[in-house]
Every structure is written in C-alpha cells, then in structure tokens.
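Just below is one structure, and these are the notes that go with it.
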Amino acid sequence: MAKYIMALDAGTTSNRCILFNEKGEMCSVAQKEFTQFFPKPGWVEHDAEEIWATQLEVAKEAMANIQATAADICAIGITNQRETTIVWDKNTGEPVYHAIVWQCRRTAEYADSLKEKGLTETFRKKTGLVIDAYFSATKLKWLLDNVPGARERAERGELLFGTVETWLIWKLTQGQVHVTDYSNASRTMMFNINTLKWDDEILKELDIPKSMLPKPMPSSCVYGEVNPVYFGGPIPIAGAAGDQQAALFGQTCFRAGEAKNTYGTGCFLLMNTGEMPVSSKNGLVTTIAWGIDGKVVYALEGSIFVAGASIQWLRDEMKFIDSSTDSEYMARKVKDTNGCYVVPAFTGLGAPYWDQYARGTIVGLTRGVNKYHVIRATLESMAFQVNDVLEAMKADSGINLTSLKVDGGASANNLLMQMQADISNAPVNRPVCVETTAMGAAYLAGLAVGYWDSMDDIKRNWAIDRVFEPEIADDMREKKRKMWKKAVACAFNWAKDD
C-alpha cells in the first residue's frame, strides 16, 4: 500500500499540506500565506485563484520535501475554512468575484431582514443555524444580486457555487467533480440537516438557483481522482470536512458528549451529540459533524469570530509584538491584567451572543495599564469567550464537561491553556499532535480507501502531550467571570445606527 495520506488544509490566512503516515505522524509539512482583502469596513475577501495556486504549490512542496510521488499517496483528504463563498463560471473556471470570507459582515442588514420576516425558527429547524451573515447563503445572494450579470448567468446554468473544499475538488479534477460534504453543506444555511438535501423552501426565499449548488455527499468516500497533470499520476480524493468538524474527528471525539476547542483565527468549540441533532436554546448552532458508513453524526457548535486574529491585531495594527509567538513571553512580564479587559469583537460577537453590531472594546484602563497588561488581557479574552460557549453547551446538552481537548495554533501557548483551565474550571488536554484539523481530513480519506481499518484503529493514534489543571481559587474565578460579562456588555450594539 502507498505510504502516505495527503491532507490539504485550506485555512483562513494560509494553506497547508501535511503528509501523514499510518501512525498519524506528520512526515512532511508545507505552508504558505495568501492575501487578505478588506475593501470596506467589515468586509473580508480572498482571491479564489490565489487559494487554489497556493494550495497546489504547498502540496507539491510537501511531496518534494520527502521525494514522494503520486504512487506514494494513498488518498487526499481536504479540510477548509467553512462558509467562505465562491462563485465561478462552469465553462471557463473563472471566479465571478473574490471569495467572500466567513468573517465578512456585508450582508448583516439582509440577515436582519430575514429575521424581521419571522424566519428565524424556520431556518433553525431546517438548517440548525441562526440567521447570520456568517453563513454562506446571504453571501451567495449578495454575489447574485451585486455582480453584474451574475443572476442571469446563474439562471442559465452557467455558474457554480461552492465553499472552499468544493472549489479545490473542482480544480483538482479539472472541472469533472462538483461536490460538497455534509459537514460543509450544513454551514451554508441552505442545507436541510434532517433530510440531507438542499432545502427548496429556503432556496426559494433567497432566490438561489438550485442548479448552481454542488452535490452533497458523505465526508468519507471517493469523490473522484486528481488529474495526473498536477502530481504526475492520479490520486483519489476520498475525504472532506469543514475545518472544525475535521478537528473533532482528528481529536477522536467519536462518542456523544466528547468536545474539543480549536484555537485558530477564531475559536470553535464542537461537542459530539451522536446521531440525533440537539437543538440549542443558548445561542449555539446545530451542525453535522460528519457522514460516514451510512451514518450522520451531529454536533453542537459555538463559533467565536476573533481569537488568534486578536494576536495578529496586537502584532500588525498595535505593533505591541513582533511575532504571534511573542504574546506568551510578553504577557508573562506582568502577573495579571491590572483590571484591564479586552473584548475583541472586531467583526461582531458570535456564540452565544450573536450580536453582529458589537465592536471591539478595552475597558478598565487606568494610568497604570501598560502594553503588557493589554497583551495579557487579549490572551485572556480567548479563554473567557471559550468559557461562555462551554456554559451554553452545558445548558443545552445537560452534560458537565470533565475535560476539554484543545488544538490549533494558539494551543501551543502554555499561558493561554492555563488561563483556560482556570477560567473554565476544567482540565485542558493538549495532544502531542495539535494539527488535528489536517489529521481529521487525513483520517476521513484514509478510512474511505482502507488505509486505516476502523475508527478504533485511529483512536489508538491519539496521544496526550500535557494536561493543564485549574489552579486559581473559586472566588477569584467568579470575580473574573463577572467582570468579563460586564466588559462584554460594553461592546454590544456599538455599530448599530440609533
């Protein structure tokens, strides 16, 4: 059998390729950042062609690093930034506009208008989601309504829609395969998570032609083969999942009640709820975790829009640090935040608040607060936001989390992990391999082609690096949580016109 599984990890700020072996070890890694476009306040875009070019480049680089050929790759799994919306010409393959990124808030007013029509419950029951500009549906409608000629071309069947994995599969197969997986489809706000089909009533409400939508398929199956022109031979594309669902799978959270948090650009908590969707009454969304072996597994999810992005803000805009990795060292220069709280609501607040008009706030400033306090408070804001979601999950599921599995770039920050354990009053378990998003995509692809025999086979690969136990006193924890809630309230509705 071929030696490796290739995971293509199409992130929000960079694309990566990781080659994994049977033990789940990383054998080769390549990564490249791509351009972020901010044409107006609250707008975020990517160039879909640049996403494709960088993804292909890092895949070739990862193979070259260890002299791997197409014959050495058993299958490819793809994981991706979710909700980000791409529309392209079916014949030429040219995107009609930049990709509209999940963080983009340009459709906030249209999302409000859907709520005002009393459609909140309809969307929640069918899609599991709250109505928000975050999801793909309003972005797709905006493209059809605002790109000259787009609606007419879509009605004629000339345009295709896809989230990033759909776009990459289409490009890798040179336009032969137009599919999405259930986990990504469940993030579009157009997919019925009960019937596993695009919802005709929602498509009619949004005026979106069904012909442009990809075919929904399980997360672990062979979708097609990569055209040999790219890697010198055909390779099956056998797995796909949105980044957060892939991380849940990579963390081997296979049982109902198991949960993970990924610290990336945003923070994303998912709890496996088994084969029945659990409806949230506390600002979470119900989503599909994965479809595999004829079964669909559901999850509760809390999405925090700004996490690692707040460290980028400290680096790029505030110039407080030279690199993201400096944040821990700088934050340790002070013993606390000196009463300062940072609420990084740069693009609104996600779960459990869902306030798209909230904006970033720093409160508790005195003459004694310096940049180290602000850096520490920014780190702490991630832990507070995660705890807000954990509290909502507990309320919805009735399950008291005994521990939290963590991954993503910022999980390497020991100070942040200790803050998380302290604020959430639960042990934080960090695995040896924190690249669980890419690993999840690799596992899904490998299962489909028999590289791994079973999910039990995969579970044996998970190994712990470090456990962070809560250390602060209960009264201090309660005081900090109370002050955080007070700070968050200051951010609400800031950008809304009175």
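Positions of Cβ are set from backbone N, Cα and C atoms, glycine also.
Annotated features, as they stand in Swiss-Prot:
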type    : residues                                            : note
BINDING : Thr12, Arg82, Glu83, Tyr134, Asp243                 : sn-glycerol 3-phosphate binding site
BINDING : Thr12, Thr13, Ser14, Thr265, Gly308, Gln312, Gly409 : ATP binding site
BINDING : Thr12, Arg16, Thr265, Gly308, Gly409, Asn413        : ADP binding site
BINDING : Arg82, Glu83, Tyr134, Asp243, Gln244                : glycerol binding site
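Each of the binding-site residues Thr12, Thr13 was scored by the other Cβ atoms within 10 Å of its Cβ; the lowest score goes to Thr13. Taken residue by residue with DSSP, Asp243 (sn-glycerol 3-phosphate binding site) is part of a helix.
With all protein chains in the displayed structure included, the most crowded Cβ environment within 10 Å among the binding-site residues Arg16, Arg82 is that of Arg82.
Of all the binding-site residues listed (Gly308, Gly409), Gly409 has the fewest other CB atoms within 10 A of its CB. Taking the mean position of the Cβ atoms of Arg82, Glu83, Tyr134, Asp243, Gln244 as the glycerol site, the remaining same-chain residues with a Cβ inside 8 Å of that point are Gln81, Thr84, Trp102, Arg187, Gly242, Phe268, Ser303. The maximum pairwise C-alpha distance among Thr12, Thr13, Ser14, Thr265, Gly308, Gln312, Gly409, the residues recorded as binding ATP, is 13 Å. Remark: of the binding-site residues Gln244, Thr265, Gln312, Asn413, the most isolated position is Gln312 (fewest other Cβ atoms within 10 Å of its Cβ). Within 8 Å of the Cβ centroid of the ATP site, not counting the listed residues Thr12, Thr13, Ser14, Thr265, Gly308, Gln312, Gly409, the chain contributes Gly11, Gly264, Ala309. When each of the binding-site residues Glu83, Asp243 is scored by how many other Cβ atoms sit within 10 Å of its Cβ, Glu83 comes out lowest.
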